[in-house]
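*Asks:* Mind looking over this structure? Questions follow.
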Amino acid sequence: MTGGGKSGGKASGSKNAQSRSSKAGLAFPVGRVHRLLRKGNYAQRVGAGAPVYLAAVLEYLAAEILELAGNAARDNKKTRIIPRHLQLAIRNDEELNKLLGHVTIAQGGVLPNIHQNLLPKKTGKTGKTSSMEL
């Protein structure tokens, strides 16, 4: 049993070559995430499932932010997402704002907000207010 070489092991020109991203049904690159985990000195060893899970989490977060930013762009009657739409999407969502609270988005602007003390006071009926002032 010396092994023929051609019959065992991996085929050199494999027809079913499939990326780990497509196996997992992801758009984000699992191989690149794995390489970055290894090169980043986060740990001595990186398991096979870790980059798949991390790529799936990153893809989910990106999809969530882009969906909310697309809604913000549509509300402003725009067809292109700009940093302002990303800022509005993140700051108006409670969980994303908590996650990205200390992140500054360039050209994002600020949320429109007027403090209650600066707003004009509402007066219901003028007759009652004038009698109460005396």
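Counting starts with 1 at the first residue shown.
Note: Cβ is positioned from N, Cα and C throughout, glycine not excepted.
Copied straight from Swiss-Prot:
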- 1-11: compositional bias 'Gly residues' (COMPBIAS)
- 1-24: region 'Disordered' (REGION)
- Lys6: N6-acetyllysine (MOD_RES)
- Lys10: N6-acetyllysine (MOD_RES)
- Gln107: N5-methylglutamine (MOD_RES)
- Lys121: site 'Not ubiquitinated' (SITE)
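Are these features on the surface or tucked inside, and what touches them?
*Replies:* Taking all protein chains in view, 9 other C-beta atoms sit within 10 angstroms of the C-beta of Gln107 (N5-methylglutamine).
The Cβ of Lys121 (site 'Not ubiquitinated') has no same-chain neighbour under 8 Å that is 6 or more residues away in sequence.
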